[in-house]
Amino acid sequence: MANIHNVTEFIFLGLSPNQEVQRVCFVIFLLLYTAIVLGNLLMVVTVTVSRNLGSPMYFFLSHLSFVEICYSSTTAPKLIWDLLAEKKSISVWGCMTQLFFMHFFGGIEMFLLTVMAYDRYVAICKPLHYTSIMNQQVCAVLVGTAWMGGFVHSFAQILLIFRLPFCGPNVIDHYFCDVLPVLKLACSDTLLNGLLIAANGGTLSVISFVVLLASYVVILFHLRTRSSEGRRKALSTCGSHVTVVVLFFAPCVFIYLRPSATLSVDKMVAVFYTVITPLLNPIIYSLRNAEVKKAMKSLWIRTRKVDKK
């Protein structure tokens, strides 16, 4: 931190300067964050204890739900606290830590969604070899690769901003630390840093999205030879994943693949991918999947029986 001079903390402007709006937002986001933690935790527990959910798809889904809890926890608790605080501040070290873990877990989620698309490709296009291709060792390696990919992505982001000099001002027109708002406060030329950040975050999002899109084009092409019932079942299992992919990647592409600017809509988009998407994921996967709903019902019955004893 030798290059950071006068600034020791950053000040957030938050979602709104209106005190009444902030109180209302406090209640809303507290409820949303609670629902995120409980909903995704329920998904993790359901997959872990249910024998019927032992396939690789549910293995990846449980990891995705765990990552969603971690991802939303990098920003939501601080946002909720600041909604009632007079001074919305964060130390420089705290800002860099938040920035790192947000991109770390976001990168993991990006890679996990790509891995899940590959899993659906093998299950639909190579069903006879599915169990041999997607064995436990392969699944563990794919998940480990996702975590490593998230680390490399996040490390590259933080490396581009960590040693920049911050001399003031120190006000961030946002409710959390992200590379683009923080980059604006650096008192040096950040053109190259901005281009590299866009290349790292935006290009990674686009490439992953293209790979996902290509995999589903191949799946749809392969389904032409299936019966109508076979197509329906295959599309049903893919539909939830496609919905989650769109909800995750669309905001990322909007944020990183456009000229850097301070837009009020950025905050709303950020709320969507840091709070709304982690909330919707377990709902989407449970409502559209009969096996998950059955497993959750079984878990609930077993829990009730234990309580009665």
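The backbone N, Cα and C atoms fix where each Cβ goes, and this holds for glycine too.
Annotation comment: TrEMBL describes 39-285 as domain 'G-protein coupled receptors family 1 profile'. If you look up TrEMBL, you'll see 21-45, 100-118, 138-162, 202-223, 235-257, 269-287 marked as transmembrane segment.
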Of the listed stretches (21-45, 138-162, 202-223), which one yields the highest count of Cβ-Cβ distances below 8 Å with the transmembrane segment (269-287)?
21-45
Could you give the mean pLDDT over the domain 'G-protein coupled receptors family 1 profile' (39-285), rounded to a whole number?
83
